[in-house]
Amino acid sequence: MKTTYVNATIVTMNEQNEVIENGYIIVENDQIIDVKSGEFANDFEVDEVIDMKGKWVLPGLVNTHTHVVMSLLRGIGDDMLLQPWLETRIWPLESQFTPELAVASTELGLLEMVKSGTTSFSDMFNPIGVDQDAIMETVSRSGMRAAVSRTLFSFGTKDDEKKAIEEAEKYVKRYYNESDMLTTMVAPHSPYTCSTELLEECARIAVENQTMVHIHLSETEREVRDIEAQYGKRPVEYAASCGLFKRPTVIAHGVVLNDDERAFLAEHDVRVAHNPNSNLKLGSGIANVKAMLEAGIKVGIATDSVASNNNLDMFEEMRIATLLQKGIHQDATALPVETALSLATKGAAEVIGMKQTGSLEAGKCADFITIDPSNKPHLQPADEVLSHLVYAASGKDISDVIINGKHVVWNGECKTLDEERIIFEASRYKRGLQR
């Protein structure tokens, strides 16, 4: 099936960050086969021509660190620091999860993400009370592209830890490269919730299965102090000593890094998922993204969970990410719009190992989103497209979402998830949680 999308302003995010003011995209099944400017002549004998009527078309957004199973916890535990937030709010509530509640929570997060323009994401979920196969089936049904990872902790006894490792290894073997749309990573939660033995086992699983690693690391000053006091090393050095960086690794946060650590991470292909809103809300600090990029670290923007954000709007994350770098460096040129967009599209895709998406070019997966600026005063005058996408747009502006060539959202309506049912069930299950 060949489809051509015509009369579009196309933000390609190719190597030149080219914006085509009047162009078209030809899609064959799940792949882009051509992106060109000008009027479309049906030389390709396409099956369908869809008039975009001047809409902006850009690559689907890529969220590099999420916890969609936590979506029912929005608004619980506001105005708290990370450690008490986890220990007194999040973990006690997660211990009450059932398989049905976990699916309802996941659906809510998926619906929010896809309707606001996210097409791919990398996720970590706490397996307590969760049917992992049901979660993966739910993500698959949404039509989104994802790496969904089972989180490991060293809670409980040594036998509990051994069982957690065994279950995680089975999960990795089951779902790594499950399909072109769905995969997983090895996901120890953090150095402060995992023993040395568990981290070493995670490194082994990643090496033996050739998977990536996803971990929270260097998120707060307290974490750095505690790990240094316990192990005599800062978190980066400690994680490296456990073997985690033998495989490409995504660290969520990286707020507290020094120059030597940034150089080390770049050398060992350790990527950073930057969560600006979450880091601000939890009082964790501001990651020095400018210094990361200058050191050669791959960086992708992320939202974290709705419990610490409190939304999954990647446009908002782009805007706050660039404004923060300008502010902390007192440099208005820091993180310009092209870079901010890259960190939410092609750069983010590279961070989580999904190079097949993130830009609109021949050979890439047909993952793209659209915005109609014609009826939106905040996007007018409409000629400064890149600026408006970073500084003025929001997830609420999304019209259409195409993932792998399929219309997942069209004219604002999600075709893969039942919005009315999901919102009803989210409220019902939330009422059952005991705070």
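Every residue gets a Cβ built from N, Cα and C, even glycine.
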Quiz prompt | Binding-site annotation, Swiss-Prot, Zn(2+): partner of HIS65, HIS67, HIS216 in ASP304, ASP313, ASP331, ASP367 | solution = ASP304
Quiz item: Reduced to three states, what secondary structure does DSSP give ASP304 (Zn(2+) binding site)?
Solution: coil
Quiz item: Out of HIS65, HIS67, ARG150, HIS189, HIS216, which of the binding-site residues has the smallest number of neighbouring Cβ atoms within 10 Å?
Solution: HIS189
Quiz item: Under a three-state reduction of DSSP output, how is HIS216 (Zn(2+) binding site) classified: helix, strand, or coil?
Solution: strand
Quiz item: Over all shown protein chains, what is the count of other CB atoms within 10 A of the CB belonging to ASP304 (Zn(2+) binding site)?
Solution: 26
Quiz item: Using C-alpha atoms, which one of the binding-site residues GLU94, ARG150, HIS189 comes nearest to ASP304 (Zn(2+) binding site)?
Solution: HIS189
